[in-house]
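Here the structure is laid out as structure tokens; the discussion comes afterwards.
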Amino acid sequence: MFLLMVPLFSYLAAASLRVLSPNPASCDSPELGYQCNSETTHTWGQYSPFFSVPSEISPSVPEGCRLTFAQVLSRHGARFPTPGKAAAISAVLTKIKTSATWYAPDFEFIKDYNYVLGVDHLTAFGEQEMVNSGIKFYQRYASLIRDYTDPESLPFIRASGQERVIASAENFTTGFYSALLADKNPPPSSLPLPRQEMVIISESPTANNTMHHGLCRAFEDSTTGDAAQATFIAANFPPITARLNAQGFKGVTLSDTDVLSLMDLCPFDTVAYPPSSSLTTSSSPSGGSKLSPFCSLFTAQDFTVYDYLQSLGKFYGYGPGNSLAATQGVGYVNELLARLTVSPVVDNTTTNSTLDGNEDTFPLSRNRTVFADFSHDNDMMGILTALRIFEGVDAEKMMDNTTIPREYGETGDDPANLKEREGLFKVGWVVPFAARVYFEKMICDGDGSGEMVQSEEEQDKELVRILVNDRVVKLNGCEADELGRCKLDKFVESMEFARRGGDWDKCFA
């Protein structure tokens, strides 16, 4: 089965919501994402919780402009480890507990630590991330919700078919509609709201799904990301491993991969719990989650090493460092172009023509202007690569697989360092847990009135803009203006690689 359509929310009221209102004292807010202990939590690569990335170009809608279209492509929220990673974590903990004859004071907690994390599913932390994401999406794009009693005015939702992705879409929708209801305060006579459905697209190995890779055999068999990481681990992890073996235990000798598993526990053990819970401590006066004790075993420089390792894996496995990565994102880009231009999807790669040719499962109407899609980090990397977002990354200088470039460890999240980001790739800026990419169309005029597009002829005035985790990215190949935007027709032309199907023929050569 390629498709399921499930009901979302036909009626939402505060009494029907689960956990789901943001705590003003929490580390995680709809506006800025996760901000506590940022020197550590923002250096976990793709395992970082979402945080708003400072932007050199203002993410606000420019004065004199009015939005005409908004689409979000979102990663699922924070999850438990995958089965393979969970097994590796459990193995190293067992190794330590069964062999260690002495623990240094900072390591003694391991003796009594019971590994009880789940596998693969969304955590409570991840649920709240997605609720916050839905709230923020409504607050940013409320102007496009012309009439909340009209189904076509509300977001059209699609999710790739894994449980955590579906749950993320549901929690996002809860946040969106709770914000809408709080804003509009509709009279009882207007309730229930129009019934909404979510399109769920199968992730089976033979399913065409633009939000889940799996069909391109040559890409699936590639090992470029693993190879880059293996080289980097061999060059950079031995000093960390030697320190832990010398100072942390007696009677046990950890390998570099054992140490990597212990480092993985820092983010996974932290995001296993809600942002505000019994873990709140006096050391965090503003409230929020205490870092896992496993984080204290490592230095800030250790986490720079860890963060760079994750960036290498994504860049060379699922991004520009893999020659077939962009091709995995071509189908989604062609769907995006169809929505932006209100025209049929033209694609022969990963799109499902049955779904994309049906108005119920892929609506193409000038009245439909708000969309939300939910996917995974690896798939988003391919899509962003196909969108030419990473063309400014200097791979030779910034993505060396043995040495961390100076700029990588010095830029951080400080807005004062924005200029130093040019040519730099950090995966935590791109696809953290609950990552979101906003695609916007807007029309602008000289007098600031921001009149709506009135006719097809006026479409040539529409501009396209892309924001990645609140950071405006300057578009490539389409004569972008100083605000990073391109005219719609120029943007479409710049997607020539996607429009011709990428290198799909090489998938089966």
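Even glycines carry a Cβ here, placed using N, Cα and C.
Pulled from Swiss-Prot:
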type: ACT_SITE; residues: HIS76; note: active site, nucleophile
type: BINDING; residues: GLN46, TYR47, ARG75, HIS76, ARG79, THR82, ARG164, LYS314, HIS376, ASP377; note: 1D-myo-inositol hexakisphosphate binding site
type: DISULFID; residues: CYS27-CYS36; note: disulfide bond
type: DISULFID; residues: CYS65-CYS444; note: disulfide bond
type: DISULFID; residues: CYS216-CYS507; note: disulfide bond
type: DISULFID; residues: CYS266-CYS295; note: disulfide bond
type: DISULFID; residues: CYS478-CYS486; note: disulfide bond
type: CARBOHYD; residues: ASN171; note: N-linked glycosylation site
type: CARBOHYD; residues: ASN208; note: N-linked glycosylation site
type: CARBOHYD; residues: ASN348; note: N-linked glycosylation site
type: CARBOHYD; residues: ASN352; note: N-linked glycosylation site
type: CARBOHYD; residues: ASN367; note: N-linked glycosylation site
type: CARBOHYD; residues: ASN401; note: N-linked glycosylation site
type: SIGNAL; residues: 1-15; note: signal peptide
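Looking at CYS507 (disulfide bond) and ARG164 (1D-myo-inositol hexakisphosphate binding site), their Cα atoms lie 28 Å from each other. When the C-alpha distances from ASN352 (N-linked glycosylation site) to the recorded positions ARG164, ASN401, CYS478 are tabulated, the minimum falls on ARG164.
Geometry remark: CYS216 (disulfide bond) versus CYS295 (disulfide bond), CA distance 38 Å. Here HIS376 (1D-myo-inositol hexakisphosphate binding site) comes close to ARG75, HIS76, SER160, GLN162, VAL165, MET211, HIS212: these same-chain residues lie at least six apart in sequence, with C-beta atoms under 8 angstroms from its C-beta.
When the disulfide-bonded residues CYS478, CYS486 are compared by the number of other C-beta atoms lying within 10 angstroms of their own C-beta, CYS478 comes out lowest. The secondary structure of GLN46 (1D-myo-inositol hexakisphosphate binding site), as reduced to three states from DSSP, is helical.
Using a 10 Å Cβ-Cβ cutoff, CYS216 (disulfide bond) registers 22 neighbours.
Counted over all residue pairs in GLN46, TYR47, ARG75, HIS76, ARG79, THR82, ARG164, LYS314, HIS376, ASP377, the record's binders of 1D-myo-inositol hexakisphosphate, the longest Cα to Cα distance measures 20 angstrom. According to DSSP, CYS507 (disulfide bond) sits within a helical segment. In this structure the C-alpha atoms belonging to CYS295 (disulfide bond) and ARG164 (1D-myo-inositol hexakisphosphate binding site) are separated by 25 Å.
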